[in-house]
Amino acid sequence: YLQLPADLTKMQLADNPHPQVTHVPSSQSGCSIASDSGSSSLSDIYQATESEMGDVDLTGLPEAPVDSEDEEEEEDEDIDRTSDPLLGRDVVRECLEKEPADKTDDDIEQLLEFMHQLPAFANMTMSVRRELCSVMIFEVVEQAGAIILEDGQELDSWYVILNGTVEISYPDGKSESLCMGNSFGITPSLDKQYMNGVVRTKVDDCQFVCIAQQDYWRILNHVEKNTHKVEEEGEIVMVKEHRELDRSGTRKGHIVIKATPERLIMHLIEEHSIVDPTYIEDFLLTYRTFLTSPLEVGNKLLEWFTVDSLRDKVTRVVLLWVNNHFNDFEGDPAMTRFLEEFEKHLEDTKMKGHLRLLNIACAAKAKWRQITLQKPSRDSPLFFSLLGGSDKGFGIFVETVEMGSKAAEAGLKRGDQV
């Protein structure tokens with residue numbers, strides 16, 4: 001079950017793009033694609049334009065809606081709860097100590113958030129993890145040296161270590177230590193299975209979750225019914241998983257969990273499920289892990305823009321890209337040219353509203369820069385031209401920059417406002 005079919009080896013895992021074990025604070029992150037000012041939704045841009053009258057204020061876009069004091073207090077409590085690992089573990093333990101039938105949706109979500117960090121659950125889909133969380137039972141062995149399983153004992157459960165360390169002593173004299181996140185016990189089969197070696201605790205207060213053989217087999221072997229494979233020319237290019245976000249069944253649908261890079265790009269302009277509303281944002285955050293250049297996406301978007309039925313979807317993608325990850329354009333001349341070409345397409349198709357949104361997003365996200373351009377003499381050419389001024393009624397902007405010139409090397413770009 002855990003082995004990927006040969007034809008899926010070219011695909012990218014889209015289920016958990018973020019690191020599962022090590023959480024790096026944002027202040028320490030070195031990710032080059034993270035937006036300096038945080039991620040913004042497209043609604044932020046619309047709110048900015050709707051609230052403006054007359055001249056455009058380009059001082060910045062709102063990054064998030066303003067919360068009330070009560071909501072801020074609740075958020076502070078949430079932050080405190082998540083920032084305290086001991087408190088977090090207490091909440092998880094409360095959920096674990098409940099009988100499976102008594103666990104609520106919130107309890108399962110708490111367990112899911114904790115369990116997905118453990119290596120034992122790393123290769124499982126979200127629906128499998130969710131079902132395992134709903135049936136797992138919590139056990140504690142308080143004394144070190146206690147035997148959990150004897151050699152040759154019939155197995156009836158799958159165990160995952162949540163705290164402490166166990167040692168497996170094999171009949172040939174070898175031994176193995178397992179710690180938090182490791183698993184032992186049965187494999188997903190209904191056949192009778194027996195323990196090879198003796199399992200004993202090495203420290204006090206060892207904690208486990210146990211899943212009965214019948215449940216473990218049922219959940220892992222019925223996962224196929226929750227997946228949908230998309231084939232092209234006899235090869236699987238995308239795998240979707242059916243998910244239900246609540247027990248009422250109102251929020252359910254398919255979410256992409258694996259696909260080839262080409263298929264992931266194409267999915268940007270396809271209809272997205274109710275359970276996968278942030279696919280575009282997730283793609284724009286993670287595409288550098290499986291694409292060599294952002295132009296692979298940019299060129300496709302320009303190609304699709306010529307199709308009337310796709311024009312609005314392409315524009316939405318570009319606006320989100322500019323608003324959330326302006327660094328991708330500002331630091332890359334090729335992507336700056338892509339943005340200029342896209343702007344020209346908006347002008348040619350008279351999409352003035354979207355063009356306004358694009359201009360506001362670019363102006364709000366751009367950084368102040370200081371550029372030094374040295375001339376060998378007063379009469380030497382500048383290699384750039386300006387537009388605007390007080391007589392024109394608007395600011396001074398760089399209209400053109402000669403490619404390959406000293407001005408271009410210094411970092412001067414078309415559209416810069418002096």
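Cβ coordinates come from backbone N, Cα and C, glycine included.
Marked as region 'Disordered' by TrEMBL: 13-86. Marked as compositional bias 'Low complexity' by TrEMBL: 26-43. For 66-79, the entry in TrEMBL reads compositional bias 'Acidic residues'. Marked as domain 'Cyclic nucleotide-binding' by TrEMBL: 120-220. The domain 'N-terminal Ras-GEF' feature in TrEMBL is assigned to 252-365. TrEMBL lists 370-418 with the feature domain 'PDZ'.
For the domain 'Cyclic nucleotide-binding' (120-220), the model gives a mean pLDDT of 91. Sorting the domain 'N-terminal Ras-GEF' (252-365) by DSSP state (H, G, I as helix; E, B as strand; all else coil) yields 82 helix, 8 strand, 24 coil.
Per DSSP, the secondary structure of the domain 'PDZ' (370-418) breaks down as 5 helix, 15 strand, 29 coil.
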